[in-house]
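Student: TrEMBL feature annotations, pasted as is:
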| type | residues | note |
| --- | --- | --- |
| DOMAIN | 5-120 | domain 'Tetrahydrofolate dehydrogenase/cyclohydrolase catalytic' |
| DOMAIN | 139-281 | domain 'Tetrahydrofolate dehydrogenase/cyclohydrolase NAD(P)-binding' |
| BINDING | GLY165, ARG166, SER167, ILE231 | NADP(+) binding site |
Amino acid sequence: MAQVIYGSEVSKDIRSELSEQIAALRASGRRMPKLAVILVGENPASLSYVTGKEKACTQVGMESELIKLPASTSQEELMAVVRRLNADPNVDGILCQLPLPDGLDSAQVIREIRPDKDVDGFHPINVGKLHLKEDGFVPCTPLGCMELLHRMGINPAGKRAVVLGRSNLVGAPVARLLLNENATVTICHSKTENLPQVCAEADILIAAVGRAKMVTADYVKEGAAVIDVGINRSAEGKLVGDVDFASVEPKAGFITPVPKGVGPMTITMLLKNTLKAYRQHEGE
Ligand SMILES: Nc1nc(=O)c2c([nH]1)NC[C@@H]1CN(c3ccc(C(=O)N[C@@H](CCC(=O)O)C(=O)O)cc3)C=[N+]21
């Protein structure tokens, strides 16, 4: 029987700490931390995530600015918006919601964001800093996964960790964070052979493949910690994880649900990154 770890609950604790810190800044007459979010086009999932980010900023007392651009926006127009936000001294964090509409180059946009305002942690400078164990911005979802592990009381040092998926946004950075905390890390992908057997060696299993309910009990070692990063949508539009919760939960030691697991932690870590950027900009 697994202990279910609700990122939604952990988020409440962290967000109330952030609210207190920001209230103290306000009480001393300081400007408020500000996150700017760029949304290009009308992707409904992106709109719901962006709305969630804005609500979370308001909830903790941060300012946020949503820049909504039409899908017809050119690369140059988008780059100009990023440059304007880079230059705005009141903007601490900049995020361009992915995926961008076809025809727009997200890598070029990410490179244009000032690394000290890149609260997604996607800029090559911040990716490099993560790999060099230097202080930079760490991507929000991987940071959320590590926070959940710590809240489970799990120290990754010496443990076997398996990361299922190797995306730039989640799999690769979370594997690095686990390695930085001295886990023995295996990264699995579509070419991995004997996938269930490899995953079943893990004390810590991170599922970030983007395939609904792919991870069943035969992928899981008795008592393992299973973190589900999946954000798949069922035919009815329901949010479904990469883990088949019903089949895995009886066998795992810890498990995170979808929804109410990693998702809310992603938003909460974004708030933390934005406050971190603010403090750097304020010379604290
Ligand atoms: N530049 C960029 N940065 C991102 O961090 C980024 C992105 N683009 N594109 C899309 C992904 C996905 N993502 C999520 C954020 C919140 C939830 C979340 O809060 N999920 C809730 C459910 C929310 C709902 O019901 O829609 C939950 O799991 O409980 C999920 C996924 C951030 N992303």
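Positions of Cβ are set from backbone N, Cα and C atoms, glycine also.
For each feature listed, report its degree of burial, its nearest neighbours and the pertinent distances within the displayed model.
Tutor: If you average pLDDT over the domain 'Tetrahydrofolate dehydrogenase/cyclohydrolase catalytic' (5-120) in this model, you get 97.
Listed in sequence order, ALA172, ALA175, ILE187, HIS189 are the same-chain residues at least 6 apart in sequence whose CB falls under 8 Å from the CB of ARG166 (NADP(+) binding site).
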Student: Near SER167 (NADP(+) binding site), how many other Cβ atoms are within 10 Å of its Cβ?
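Tutor: The Cβ of SER167 (NADP(+) binding site) has 16 Cβ neighbours within 10 Å.
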Student: For GLY165 (NADP(+) binding site), what is the tally of other C-beta atoms lying within 10 angstroms of its C-beta?
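Tutor: Other Cβ atoms within 10 Å of GLY165 (NADP(+) binding site): 23.
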Student: Please work out the helix, strand and coil residue numbers for the domain 'Tetrahydrofolate dehydrogenase/cyclohydrolase NAD(P)-binding' (139-281) from the DSSP assignment.
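Tutor: Tallying H, G and I as helix, E and B as strand, the rest coil: 54 helix, 26 strand, 63 coil.
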